[in-house]
Amino acid sequence: MGVMWGLISVAIASLAQLSLGFAMMRLPSIAHPLAFISGLGALNAATLALFAGLAGYLVSVFCWHKTLHTLALSKAYALLSLSYVLVWVASMLLPGLQGAFSLKAMLGVLCIMAGVMLIFLPARS
């Protein structure tokens, strides 16, 4: 049950990260606080994405709380790294997120996935 809650948390956190990335690329820079605050006042896709991303993180924390009640931290923490994989792949596939493929990034993703698989392999008896 803990793995399920962990995977749900990772999926929601990944969607939240993508949503926040979408919002930040479209809202005015925080370096210009008045323009940024004004941009938040406008009800548009960027503002909705920002608040959806923040809400997503909140829901993800609830799921993570459930995860840690039933799964060892050493295993649960490994699940978090899957978010990097999901966000990397989605940023390349979804339009407007400016993700770029590189062999170096692909090697990193493969290392993450191999590490998660090693952690979740059953122990020898």
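Don't overthink the numbers, they just go from 1 along the chain as shown.
Cβ coordinates are placed from backbone N, Cα and C, and glycine is handled just like the others.
What Swiss-Prot says about this one:
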TOPO_DOM  24-33  topological domain 'Periplasmic'
TOPO_DOM  55-76  topological domain 'Cytoplasmic'
TOPO_DOM  122-125  topological domain 'Cytoplasmic'
TRANSMEM  3-23  transmembrane segment
TRANSMEM  34-54  transmembrane segment
TRANSMEM  77-97  transmembrane segment
TRANSMEM  101-121  transmembrane segment
Task: Chain residues outside the transmembrane segment (34-54) and at least six past its termini with a C-beta under 8 angstroms from it - done: 16-20, 22-24, 26-28
Open item on the list: Given a Cβ distance threshold of under 8 angstroms, which distant residues of the chain, six or more beyond its ends, lie next to the topological domain 'Cytoplasmic' (55-76)?
Closed with: 1-3, 5-6, 8-10, 12-13, 15-16, 19, 119-120
Open item on the list: Can you work out which residues elsewhere in the same chain, 6+ from the ends of the topological domain 'Cytoplasmic' (122-125), have a Cβ less than 8 Å from its Cβ atoms?
Closed with: none
- [ ] Could you tell me how many residues in the topological domain 'Cytoplasmic' (55-76) are helical, how many are strand and how many are coil under DSSP?
- [x] 20 helix, 0 strand, 2 coil
- [ ] Using a Cβ-Cβ cut-off of under 8 Å, list the residues of the same chain that are 6+ residues beyond the ends of the topological domain 'Periplasmic' (24-33) and lie near it.
- [x] 39-40, 44-47, 49-50, 96-98
Task: Counts of helix, strand and coil residues, the topological domain 'Periplasmic' (24-33), according to DSSP - done: 4 helix, 0 strand, 6 coil
